[in-house]
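**Student:** Quick paste of what Swiss-Prot says about this protein:
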type	residues	note
COMPBIAS	13-30	compositional bias 'Basic and acidic residues'
MOD_RES	24	phosphoserine
MOD_RES	101	phosphoserine
REGION	1-35	region 'Disordered'
MOTIF	10-13	motif 'nuclear localization signal (NLS)'
MOTIF	142-154	motif 'nuclear export sequence (NES)'
């Protein structure tokens with residue numbers, strides 16, 4: 001779901017509205033699952049579909065733009081984005097789909113092969129629903145399918161073009177500070193090293209429903225403010241980075257029984273928000289943004305800084321941007337001049 005290019009706007013993380021179901025004994029012992037079945041309502045009334053922004057049959061996901069809170073249906077409502085995603089199978093519950101008398105529709109039968117449409121019971125048929133409301137034009141553009149372009153950014157490009165461009169944007173990260181200050185999501189923190197310089201909090205990413213470990217996804221957010229991205233890192237930050245790598249892996253082992261060699265630990269460049277954070281995902285999970293054009297393994301980042309203190313100030317970095325991103329045009333024009 002993450003885009004190859006960062007969103008420029010307010011909070012970048014998606015807000016989940018989900019109906020979670022009871023976890024198995026093994027999951028509870030591993031700390032998986034913290035949802036509730038209490039009734040909730042969407043934060044708006046009505047939904048008149050305006051456009052399908054994007055869909056993927058492979059990923060079982062669709063992005064919808066709609067008008068909500070309309071008084072008369074004449075377009076005077078507000079914009080909202082709703083993302084519907086089929087949740088992964090939970091192995092311990094799969095057998096329930098085939099026991100008893102499941103509702104079936106035969107689609108095809110030939111010799112030993114047959115295909116059916118199976119209609120699961122309610123408790124096995126949840127759809128993860130992410131709501132962005134009210135949605136701005138930037139949100140609509142973020143979720144709209146667009147062409148991407150690879151661009152190579154030198155150290156000088158970053159200092160002279162990318163950084164001034166970012167500083168000219170309204171990049172609010174107040175939601176990050178709310179987490180660090182325990183004003184929001186405090187109950188979701190899995191681990192914290194409170195050191196103001198070399199500490200961090202570890203929290204489940206909202207793209208992970210915490211119902212299974214196959215798509216485990218956590219984020220480590222550093223306490224120290226002012227570190228925007230990979231480009232800011234120097235040997236001064238090595239204690240922080242080592243803490244995130246080793247303490248983060250240990251916390252995940254203790255909480256979820258997943259060893260470090262089953263984890264992919266990396267930073268994004270460009271990041272989706274400009275406060276240093278590190279991604280922890282299950283190795284077998286093809287997480288959005290884990291491709292070679294965006295993900296930088298934390299262990300290799302540490303080694304690069306140990307070998308060359310100015311590695312990330314000088315190195316040319318490759319990343320993808322949307323074809324209509326103003327930053328892409330600025331970088332292309334500079335490189336053609």
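Each Cβ is built from the backbone N, Cα and C atoms, and glycine gets one as well.
Remember, it's a predicted structure, so these values are computed and weren't measured experimentally.
Tell me about the surroundings of these features in the structure.
**Tutor:** For residue 101 (phosphoserine), no same-chain residue 6+ apart in sequence has a C-beta under 8 angstroms from its C-beta.
Across the motif 'nuclear localization signal (NLS)' (10-13), the model assigns an average pLDDT of 38.
Same-chain residues lying 6 or more positions outside the motif 'nuclear export sequence (NES)' (142-154) and placing a CB less than 8 Å from one of its CB atoms are 3-5, 7, 9, 53-54, 63, 65, 81, 83, 132, 161-162, 293, 316-324, 328, 331-332, 335.
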